[in-house]
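Have a look at the structure below, then the notes.
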Amino acid sequence: MQQIQRDIAQALQVQPPFQSEADVQAQIARRIAFIQQCLKDSGLKTLVLGISGGVDSLTAGLLAQRAVEQLREQTGDQAYRFIAVRLPYQVQQDEADAQASLATIRADEEQTVNIGPSVKALAEQLEALEGLEPAKSDFVIGNIKARIRMVAQYAIAGARGGLVIGTDHAAEAVMGFFTKFGDGACDLAPLSGLAKHQVRALARALGAPENLVEKIPTADLEDLRPGHPDEASHGVTYAEIDAFLHGQPLREEAARVIVDTYHKTQHKRELPKAP
């Protein structure tokens, strides 16, 4: 199993475990510089990111805000901005956490787009949903939610001349735990290559409250399973996923689940097929 662990870790460009606080600070500086370079290369000056209330978007948001603040200071150009976007579906169960994230990030600008009416209007027009079992329909609509959020973020970025930030990291990438062309769609992914505990380490070092750093992760896309934990969907824990990514020992069954899921979701990590 160790060779497949190494192969997958290499494919996902997994970063080595942090050995010290200096390693954490180095990763923060590296990723802020990456965000800044993406803006410079694009010729654009605005960043857009959806804030969910989870640690991933919180961490990416903190990095983004620091990136534009530093650019303003370095260049004197006040046009560099970060827009944090709330994209609730109706009333979000953990709205308090989302608001706490916004208060922590203190973005240059905040916008709210309730995706509920758009999701409902589209679902009502889809004949393919008719007659589906409730759980299957709920799952499909959950992916619609993720894709509507993508549309909203790109609309804002298009209107304001900006780039959309993604929150994907190695622990989600290995499990394919994102919606294809939904939350998997972005212009830059500053958390790439990080294990889940490393994302938390960055969040903690950036000043995030501990209750948000250690919050139980949930995609919260399905109405029939509100607040359903990521780990319950995975069938393995994030600690096991992180151990796998870093080539450390873990339960044989957990390793098998991760490898099987990685292969099953490979299409999500590839460009569209072409002749």
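Residue numbering: from 1, along the chain as shown.
Just so it is clear, glycine is given a Cβ too, placed from its N, Cα and C backbone atoms.
Source: prediction; values computed, not measured.
According to Swiss-Prot, the protein has these features:
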type: BINDING; residues: GLY50, ILE51, SER52, GLY53, GLY54, VAL55, ASP56, SER57, THR167, LYS196, THR218; note: ATP binding site
type: BINDING; residues: ASP56, GLU172; note: Mg(2+) binding site
type: BINDING; residues: ASN143, ARG147, LYS180, ASP187, HIS267, LYS268; note: deamido-NAD(+) binding site
Return the member of ARG147, GLU172, LYS268 nearest to GLY50 (ATP binding site) in space, with distance defined Cα to Cα and candidates limited to these binding-site residues.
ARG147
Would you work out the biggest C-alpha to C-alpha distance among GLY50, ILE51, SER52, GLY53, GLY54, VAL55, ASP56, SER57, THR167, LYS196, THR218, the residues that bind ATP according to the record, and give it in angstrom as a whole number?
19
Looking at the binding-site residues GLY50, GLY54, which one has the fewest other Cβ atoms within 10 Å of its own Cβ?
GLY54
Which three-state DSSP class does LYS268 (deamido-NAD(+) binding site) fall into?
helix
Counting other Cβ atoms within 10 Å of each residue's Cβ, which of the binding-site residues LYS180, HIS267, LYS268 comes out lowest?
HIS267
Residues satisfying Cβ distance under 8 Å from SER52 (ATP binding site), sequence separation of at least 6:
LEU87, ALA98, SER101, ASP220
Any idea of the Cα spread of the deamido-NAD(+) site, ASN143, ARG147, LYS180, ASP187, HIS267, LYS268, as a max distance in Å?
20
Three-class DSSP secondary structure - SER52 (ATP binding site):
coil
Is it possible to get the count of other C-beta atoms within 10 angstroms of the C-beta of GLU172 (Mg(2+) binding site)?
24
I need the nearest neighbour of ASP187 (deamido-NAD(+) binding site) among the binding-site residues ASP56, THR167, GLU172, using C-alpha distances.
THR167
Look at the binding-site residues ASP56, ASP187 and tell me which residue has the greatest number of other C-beta atoms within 10 angstroms of its C-beta.
ASP56
Between LYS268 (deamido-NAD(+) binding site) and GLU172 (Mg(2+) binding site), what C-alpha distance do you get in Å?
11
Round to the nearest Å and give the CA-to-CA distance linking THR167 (ATP binding site) with LYS180 (deamido-NAD(+) binding site).
13
Counting all other Cβ atoms within 10 Å across every protein chain shown, which of the binding-site residues ASN143, THR167, THR218 scores highest?
THR167
